[in-house]
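As annotated by TrEMBL, transmembrane segment applies to C:6-26, C:33-53, C:59-82, C:89-107, C:141-158, C:188-207, C:213-234, C:241-260, C:266-285.
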Amino acid sequence: MQIFLEKRVNATSWARLLVLGAALLLVLLISWFFFLAAGIEPMAAFQIIGEEIFLTKYGWQDLLVKMTPLMFTGLAVALAAQMQQWNIGAEGQFHMGTFAMTWVALHYDGQLPDGMLIVLMLIMAMIGGGFWGCIPGFLKARFGVNEIITSLLLNYVAAAWIDYLLFGAWRDPGTNNFPITKEFSEAGQLPSFGNTSIHAGLILAFVFIAIVAWVLWKTKLGFQIRLTGDNPDAARYSGVNIRTLTILVFAASGAIAGLAGFSEVAGIHYRLQQNISIGYGYTGIIVAWLARNHPLGVVLSAFFMSIVFVSAEVLQIEFGLPISMVYLYQGIILFTVLGSDIFTEYRLRITRFLV
Amino acid sequence: MRKLISIIISTTLTMLLVGGSAWAAKPSVGFIYVGPVGDGGWTHAHDLGRKALEEAGHKTYFVESVPEGSSEGQILKIARKSDIIFTTSFGFMDPTLKVSKKFPDKVFLHCSGFKQSKNMGNYFGRMYQAKYLAAIIAGGMSKKGRIGIVGSQPIPEIIRHINAITLGAQQSNPNIEVEVLWINSWFDPAKESDAAQALIDNGADVIVTMADSPATVQTSKKNGVYAIGNDTDMAIYGKEAHLTAAVWNWDVYYLAAVKAVENGTWKSSADWWGLDSGIVGLTSFHPDVPQSLIVQMNREKGRILSGTMDVFDHGFTKRDGTRVTKALNDGEMLGMMYYVKGIISKIPSG
Amino acid sequence: MEFFIQILIAAVAMGTPLLFATLGGVISERAGVINLGMEGLMLVGALVAFVVMLYTGNYFYAVAAAAFASGIVSMIHGVVCLMLRASQIASGLALTFFGTGLSGLFGDKLMGETVEPLSRIPIPGLHTIPVLGPVLFNQDVIVYFSYLCVALSWWLLFKTRIGLNIRSIGEAPEVCDSLGLSVLSYRFFAVVGGGMLIGIGGAYFPLALTPFWVDGITAGRGWIAVALVIFAFWDPLKALGGAYLFGLALALELRLQILGIDMSPYFLKMLPYVLTILVLTLVTIRNNRRGIQVMPAALGKVFFRGEKH
């Protein structure tokens with residue numbers, strides 16, 4: 001007997017949808033066994049998770065709030081990946097975005113006309129993240145240094161830089177010298193919707209997803225990016241300046257990751273503190289991959305990852321599941337989703353005899 | 001199978017009903033933890049307090065390892081389930097305030113912060129008093145006259161404790177030298193252990209840790225020197241080395257606060273409870289500790305308990321030589337960013 | 001002088017878990033597979049080593065069990081990103097979750113337990129050499145084992161047919177495939193073998209550095225090792241130097257405070273990473289001129305075998 005993978009010929013979108021459905025069923029099945037092993041009645045767990053997430057207004061709020069930074073970081077990674085460039089540095093670009101915008105907020109709060117501060121913060125976050133993204137882009141374009149590695153290493157540098165500021169110059173004596181900055185005034189805060197925690201960052205995320213999708217499929221620049229991703233040689237012959245394009249795409253990718261930081265700080269925390277990102281940059285890689293690097297897919301996969309995170313919290317609170325179980329569960333779910341994705345393109349063929 | 005399901009449903013319903021009726025009598029309590037309950041330190045101590053509430057008949061909920069950067073969702077969910085919510089890390093302050101506004105009829109209590117509202121108070125314990133007393137033992141037990149302190153991250157709370165330890169050790173040995181090494185991390189057992197080793201190599205023979213893991217107690221045991229435990233009793237990790245530990249007894253506060261809410265007497269306030277309440281204390285002493293030292297410690301303890309003396313209220317000299325003559329108020333203690341005289345290290349400039 | 005030697009001894013102690021993990025990463029990445037799940041694997045190794053040590057009191061069993069367990073867990077990474085062709089980076093992140101959870105779950109009941117840490121065994125003759133003797137040859141047996149592992153993995157990668165195949169597969173899997181090498185099998189064994197070494201790195205924590213169990217005992221060392229693989233230029237011998245250098249940075253952060261040198265710990269933390277980027281860039285420039293690749297060319301790329309029909 002031999003088992004091998006065979007490429008689906010003319011895979012229809014229906015077949016893909018079917019596989020996606022099957023993968024979700026598999027996730028549910030594995031969850032079922034996991035809950036049983038954890039001593040939880042699976043049906044009750046599904047019901048409560050479903051109710052908590054989808055049938056309460058708080059559940060929806062939480063989903064949308066958690067999804068916002070993931071849309072940015074997922075989009076950042078996906079944009080670079082359209083050109084076959086791997087930006088593992090969204091985490092660091094996120095941090096440098098928060099750094100640049102906080103610098104503006106701390107120095108120009110109250111000195112600018114109405115509404116200017118938040119716009120300036122937004123621009124600075126893009127510059128901060130974009131600059132941090134430029135470094136691996138430049139090193140790749142100019143010297144051919146692998147971008148996976150440089151962008152990854154820059155994450156550690158950015159995290160230490162934020163700590164340096166929080167434990168040094170930016171520590172606020174007004175808050176008992178804790179390693180947090182001063183709270184921004186209202187001019188530096190993104191508006192929220194009514195009495196919810198959902199903030200304007202969500203809208204911004206959709207806007208940027210639309211912009212990136214438009215650029216990729218409706219402009220010459222987007223065509224060049226996709227062409228370079230598909231076939232760099234063809235792109236080069238058709239006159240694309242791959243070096244410039246690489247730097248540009250990395251800068252844009254970094255700027256979008258920086259916006260994730262902007263949206264979290266200006267939309268939720270209103271100040272810089274430790275651990276603002278809980279690995280959003282890294283999760284963004286998973287989001288982009290699940291979305292097959294398609295900007296619109298990013299919305300769906302960010303939504304899915306958000307459900308995974310929120311249901312983990314529900315499991316802890318409702319069933320007293322320890323955090324270790326939750327991590328284990330998240331690991332298993334991610335492995336399942338990652339592993340089943342291949343069947344949208346391939347199918348298993350089992351033959352009784354060697355062919 | 002159908003029978004099984006009906007049994008499950010009916011038992012669940014009964015439990016819900018029973019739970020519902022108990023709800024009216026005893027308020028349910030929710031906890032937000034910054035670390036895992038298995039950290040053996042800060043969060044573990046809070047969780048012991050939660051268990052005391054369970055024993056007193058309260059339904060409790062908790063979420064552990066909640067990241068400070070993304071805690072609002074968890075606080076919201078806990079708040080929907082419980083009547084009283086304790087959030088146990090400084091970084092939860094702003095989100096707790098935010099959520100408290102959404103549930104005006106529930107009580108929120110935040111540990112170690114300073115923001116309040118009508119239904120949100122904050123609480124903390126005067127751990128520096130316990131550290132001061134433990135240090136009297138440490139100072140007396142040091143033969144070389146040198147105490148080594150493993151610091152976590154340089155924030156006022158830790159610096160306050162280091163100063164209290166120095167002042168306490170000077171009670172039993174006026175010439176004591178205190179050396180501080182910062183590991184610049186909240187949690188890193190291997191580095192804590194290495195820091196203790198470096199301090200011992202440099203002449204310290206009593207090690208006091210500000211970090212949560214028992215690594216320093218272990219390292220002290222290996223080197224044949226003494227150690228003071230942090231947050232919880234760490235004697236099981238090295239009873240040969242463990243002189244005593246300055247520990248949290250959060251159950252004292254949690255039971256009282258919940259009772260106050262239950263009786264309708266609770267009012268939003270900033271509670272900073274001291275040694276007299278029992279929220280902080282010392283564990284049992286190493287057999288090597290001489291009775292005379294315990295007597296000396298008890299004398300200071302008596303003065304703190306009776307309110308005639310506190311650690312920072314009768315003047316002291318800062319490391320730079322300036323003299324503080326008046327008693328520090330709570331705000332000055334909470335923002336403390338300088339060392340007292342007797343500490344040979346400098347505060348890192350960041 | 002003694003202070004100086006103490007720093008170096010601490011550097012070796014702090015560097016040893018990093019060294020094992022880096023070696024594991026080097027082997028895996030030489031075959032073209034990135035493993036970002038090192039932190040999770042180290043935690044699994046640490047937990048299993050501690051449990052086995054607690055119940056058997058035998059260091060050998062503890063190390064072997066740690067290697068075995070993390071080998072098994074890294075098989076998941078192998079299956080997901082090799083056979084099911086998922087993104088190596090995403091799969092590695094899932095592995096971090098998985099390993100952290102697994103170790104936390106089974107470590108739940110171990111609070112308060114301790115084991116006897118490894119003691120130092122001086123190597124006769126060698127330990128009297130000035131400086132090097134006390135630093136390198138008066139260590140515990142796992143440190144000596146790490147020297148052996150460095151030598152063996154270097155020999156394996158650069159002096160054997162298997163090593164040549166592994167390296168070729170990391171460079172040009174399509175070519176190797178057409179030459180009849182099984183790309184997936186080699187990669188799978190590199191991932192599992194590397195995973196075992198990473199697990200031993202984790203085992204060093206409860207067996208030598210911190211002989212007890214707390215959640216997350218490795219405190220992020222797995223992530224440092226991810227960077228160290230690059231710093232070592234995918235070379236076991238450089239991994240030795242790199243791991244000790246990072247260990248030295250950790251030891252120096254504390255000892256500089258003793259010397260009263262006020263150096264920001266945050267810049268000290270950044271330094272190794274900035275250096276790595278600089279050196280990597282310089283070496284890439286130099287090698288570009290000579291036309292040599294510094295890193296495995298197929299690193300991180302999913303291998304699609306030519307389709308059969």
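Numbers here mean position along the shown chain, with the first residue as 1.
Any Cβ shown, glycine's included, is placed from N, Cα and C.
Long-range contacts of the transmembrane segment (C:213-234) within the same chain, counting only residues at least 6 positions beyond its ends with a Cβ under 8 Å from a Cβ of the stretch, are 17-18, 21-22, 24-26, 29-30, 35-43, 46-47, 50, 96, 100, 103-104, 107, 110-111, 113, 198, 201-202, 205-206, 241-243, 245-246, 272-273, 275-276, 279-280, 283, 294-296. Residues 34-44, 46-47, 50-51, 70, 73-74, 76-77, 80-81, 213-216, 222, 300 of the same chain, all 6+ positions outside the transmembrane segment (C:89-107), place their C-beta atoms under 8 angstroms from a C-beta of that stretch. Counted over residue pairs separated by six or more positions, the transmembrane segment (C:6-26) shares at least 3 Cβ pairs under 8 angstroms with the transmembrane segment (C:141-158), which defines the two as touching.
Segment contact holds for the transmembrane segment (C:33-53) and the transmembrane segment (C:188-207), given three or more CB pairs below 8 angstroms at sequence separation of 6 or more. Remote same-chain residues near the transmembrane segment (C:141-158) are listed as 12-13, 16, 19-20, 23, 26-27, 30, 59, 63, 118, 121, 123, 166-167, 197, 200, 203-204, 207-208, 235-237, 239-240 (criterion: CB distance under 8 Å, separation of at least six residues from the stretch ends).
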